[in-house]
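Colleague: Would you mind keeping the following structure in view while I ask a few things?
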Amino acid sequence: MSVSYFDTANQLLRKGQLDEAIASYNQAIAASPKSAWYYHNLGEALSQQGKIDEAIAAYRQATELNPNSAWSYDNLGTLLNQQGNLPEAVRCFRQAIELDPYFWQFYHNLALVLIKQGHPEEAVSLLQKAIELTADDAELYHSLGKAYHQQQQYSEAVTAYRQGLELNPYWSDCYMSLGQTLEALGETEEAIASYRRAYELNPNLSEALPKLQTVLESQGRWEELATLYRRCCIVDPNSATSHKYLGTALANSGKLSEAAESYQKALELDPNLVEILQPLGQVLTQLNQWEAAVDIFRKATQVDPNSASFYHQLGQALTKCDRLSEALAAYQKASELHPTSTPVLFDLGQVLTKLYHWSEAIATYQKALYLNPPNQAEIQTHLQEVQDKQRHLDEEIAAYSESHEFHPNSSESYEKFAQFLRSKGKIEDAIIGFHQACILNPQSAVAHHQLGYTLARGQRWDEAIIAYQKAGELNPYSPHVQYHLGQALVEEGRLEEAIAHFKQSITIDPEFEEGYDALKQAIAKKKGSL
């Protein structure tokens, strides 16, 4: 009866019906508990099912019942090796060899464990013996190469790997090992060829691509890397990582537009791939695509709100877009996160100067100089310039105060001061005065309107437009603001926008004659330009 159970179990094992096979082996063992083969085959079924501990127990029983079975010792050693019990695995494989010294696989299995244990010398001897017994197995040469490599006998390892590849020229793992040994020998070109061949044979080989990438990157061979990653993207067009690496290779090859496209594709595939934000933002800045860079760096600050670098780069992009108030906020946040960063302090000082916050700019430059940065001369120059401006303003205020009442913390005082300067033809000084009025009372539509008007007097049309727009936001019912904004837009050739604002001025006040006249002139100018 036990033989019947055993035969049935073997048939079930061959069919892959493991649960049923195990049940039948156990029935056979129950009927004949002294059969080593029943335990041996039970161990095989259990190991296929992944029940390693139970399989080991079965093989142990098999070796106890039949201590002359080399195969039971070999299978037991294999499972012990998988479990990391290397000393006992070695004992099992040695016993298998003692029982059957003419089967090459036992030598190979023992050699693999010895390589793991760091005993490559004996492993080499065992593998050479295995090759004497069977010279046509590529895996033996691969293992021999590993043993030589572990001893730093790289030339011998290369020979062994190449012998293995002669037997199996399509073996990606062997090309990978050959590449590593060639790299150790300094044979970089041959190593690259081996890594590339490994990847060509098996694009899913996890080690091949990073090794090839590392070697090519170390040599700055970015165009080859770009070609490599283009292939990766063809193999798996939905791999965000491949598109990211392609972007990096293209960026370093100077192909910035293509790099931006690759980075954006990677983000589209995986919005959580936040490490792309930094290089993408940098590529966009190199392309002078400042608004797009603002979007990317702003997203980066949301992902990592503690990164001073992201806020700094956001500030730089906003500055390029002339969005100075937003840039100021970004630089201030960057400085808060990294108070001793002189590049941040320098850029913060510059935007404070542009926004006429001179006292703060002076303090910021002085703080930067205190940190003893390498660009002290440059910072000192900017500090001197803003100090000169502040000194000149103070002198003008002092002269004005001799005949007029002036309160340094009053927006209204600065407005009157600026109007006085403008009446004297001191347009640049008047602009400074109106800026100070806007700083002290940023909600004053009058101050922004007067600033815009004075900037227009100085033909600084872009700045005048911004000031008028701010005045219009604060007081949307002033026909004069709309009219003056329209005039500035005409000067910039933005006729469609100008016409819209002239129309707005007469909508607010239907009796506003200047608005009608300006509207007619703008329409005529537009027709003449067609």
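In case you wondered, yes, glycine gets a Cβ from its N, Cα and C as well.
Because TrEMBL annotations are produced automatically, they should be read as predictions rather than curated entries.
TrEMBL feature annotations, pasted as is:
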- 2-35: repeat 'TPR' (REPEAT)
- 36-69: repeat 'TPR' (REPEAT)
- 70-103: repeat 'TPR' (REPEAT)
- 104-137: repeat 'TPR' (REPEAT)
- 138-171: repeat 'TPR' (REPEAT)
- 172-205: repeat 'TPR' (REPEAT)
- 240-273: repeat 'TPR' (REPEAT)
- 308-341: repeat 'TPR' (REPEAT)
- 342-375: repeat 'TPR' (REPEAT)
- 411-444: repeat 'TPR' (REPEAT)
- 445-478: repeat 'TPR' (REPEAT)
- 479-512: repeat 'TPR' (REPEAT)
Colleague: Do any residues, 6 or more residues outside the repeat 'TPR' (308-341), come within under 8 Å Cβ-to-Cβ of it, and if so which ones?
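Modeller: Cβ under 8 Å, 6 or more out: 277-278, 281-282, 285, 288, 290-291, 293-294, 297-298, 300-301, 347-348, 350-352, 354-355, 357, 371, 462, 466.
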Colleague: I need to check the long-range neighbours of the repeat 'TPR' (36-69): which residues 6 or more away from its ends have a CB within less than 8 Å of a CB in the stretch?
Modeller: 2, 6, 9-10, 13, 18-19, 21-22, 25-26, 28-29, 75-76, 79-80, 82-83, 99
Colleague: Across the repeat 'TPR' (172-205), what does the pLDDT come to on average, as a whole number?
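Modeller: Residues in the repeat 'TPR' (172-205) carry a mean pLDDT of 92 in this prediction.
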Colleague: Please work out the helix, strand and coil residue numbers for the repeat 'TPR' (36-69) from the DSSP assignment.
Modeller: 27 helix, 0 strand, 7 coil
Colleague: Across the repeat 'TPR' (411-444), what are the DSSP residue counts per state (helix, strand, coil)?
Modeller: 27 helix, 0 strand, 7 coil
